[in-house]
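In Swiss-Prot this protein carries:
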{"type": "BINDING", "residues": "Gly30, Ala31, Asn32, Gly33, Ser34, Gly35, Lys36, Thr37", "note": "ATP binding site"}
Amino acid sequence: MSLSRLIINNFRNLTAVDLELNHGFNFFIGANGSGKTSLLEAIFYLGHGKSFKSHISNRIIKYNQEEFTLFGKIQEEKHECSVGLQKNRQGETILRINGESNKKIADLAYLLPMQVITPEGLTLLNGGPIYRRAFLDWGLFHQNTDFYHNWNSLKRLLKQRNAALVQTRHYNELKPWDVELSKFAQIVSQSRAVYVESILTYIEKNCQFFLPELEITATFYQGWEKERDYADLLAQGFERDRSVGYTMVGPQKADFRFRANGLPVEDVLSRGQLKLLMCALRLAQGEYFIAQKNRQCIFLIDDFASELDTQKCELLADRLYQSGSQVFVTAITQEQLKPIQGKRQDNATSFFIKDGKMQFM
C-alpha cells in the first residue's frame, strides 16, 4: 500500500500542489517556513481527519480562503483507491472514498495507516499518558476489528457517567451506567494488555538497535490496581468522583511507561536519546503492523537530522529501508539527507520546496 498521488489546495501555505509520489522514499528539501512540514501535515490530515500540529482548522486553511481540499490515490497491489477530504471555516468536513460520501474518519485511517516522527513527537515519552494511550489505541484499531466499537462505547459511557455524577445523590441511580462501563472497561484494558505483550518483542529489538548502551523496560498500567475489581472501585469511589465531577479510575487513566536503567526515560535521557527511543517505538509499531496485516505502513519523518548525529541517522535510514514502506522525509539541506539518500537511489524521489511550491529535483 502506498500513496501514489497527492493533491493539496489551500492547506496552510500550500496553494496548489499536485505530486506523483514514489512508492519508496520521497524527500522534501527546503528552508524553514517553506512548507515542508505542512506537506507532511496534509498527508497526516488525509489519513486522520485532524492535524498533528493544530486542533483549530481555521489556522490550517490558507489566509483569505474558505476551505482546504486534500485528495490522494492509494495503490495497493493491483487495486487503486481514491480518497478526498474538504474542510471549511465553519468546521464542516466532507469525506469521499472512491467518490462516495458519508464516510467516516475511521475509514480513512484504515486505508492510510501511518507513523509520524516529528520534533514535537517526543511527547510520546515526556508528555502525559494521553499520548501513550493513543499509541496503544492506534495499534489496536488496526489489529482488532472490534476495538473501535468497544473504545467508542467506553468513551460514550464515561461521558454519560461523568454528566450523571453532577446530578446524582445516591449510587443506586448510577449503577446501571457502571454495569455497562465496567464491562467495556475490562474489554478495552484486556485488549491493551494483550497488544502490549505482542509488541514488546519488536520494541525490545528496536531499542537494542538504536540504544544498545541502555536497558529499556516498558510497563503497562491499566488505569486501576490490577488485583482490584473495577466495578467495586466505581462503587467505592462514588462520593469522591461526585465531588470532583468525573471518574477518577479506569482505562481513561491507563499509561504505557518506559524506564532506562531503572529510571523514567523523561528524567534521564538526552533529547537525542529520546528521539531515538521514539523512533524505536514508531518503527516497532509499524513493523508489527506490517507483520500482522501484510500491508505497508507509511512513515512521515519531519526534520530527519534534528537531534541525531550522522551514525544515528544512518541507523534510522537502515531500519526504514528494511521496513519496505513508503517514507516521506523533510530536511533543510541536501547535506542532512546524505545518510539516508546514500543507501539507495533507485527507489527515491526528491523535491525542492520554496514558498509552498514544489520542484522535482
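The backbone N, Cα and C atoms fix where each Cβ goes, glycine too.
Within 8 A of the CB centroid of the ATP site residues Gly30, Ala31, Asn32, Gly33, Ser34, Gly35, Lys36, Thr37, the other residues of that chain are Ser38, Thr330, Ile332, Ile353, Lys354. Around Ala31 (ATP binding site), the C-beta neighbours below 8 angstroms that are at least 6 residues distant in the chain are Ile332, Lys354. If you take the C-beta of Gly35 (ATP binding site) and look for same-chain residues 6 or more apart in sequence within under 8 angstroms, you find Arg12, Asn13, Leu14, Ile353, Asp355, Gly356, Lys357. By the criterion of other Cβ atoms within 10 Å of the residue's own Cβ, the least surrounded of the binding-site residues Gly30, Gly33 is Gly33. Note on Ser34 (ATP binding site): other Cβ atoms within 10 Å of its Cβ, all shown chains, come to 21. Under a cutoff of 8 A between CB atoms, and with a sequence separation of 6+ in the same chain, the neighbours of Lys36 (ATP binding site) are Phe28, Ile29, Gly30, Asp302, Thr330, Ala331, Ile353. All chains included, 22 other C-beta atoms sit within 10 angstroms of the C-beta of Thr37 (ATP binding site).
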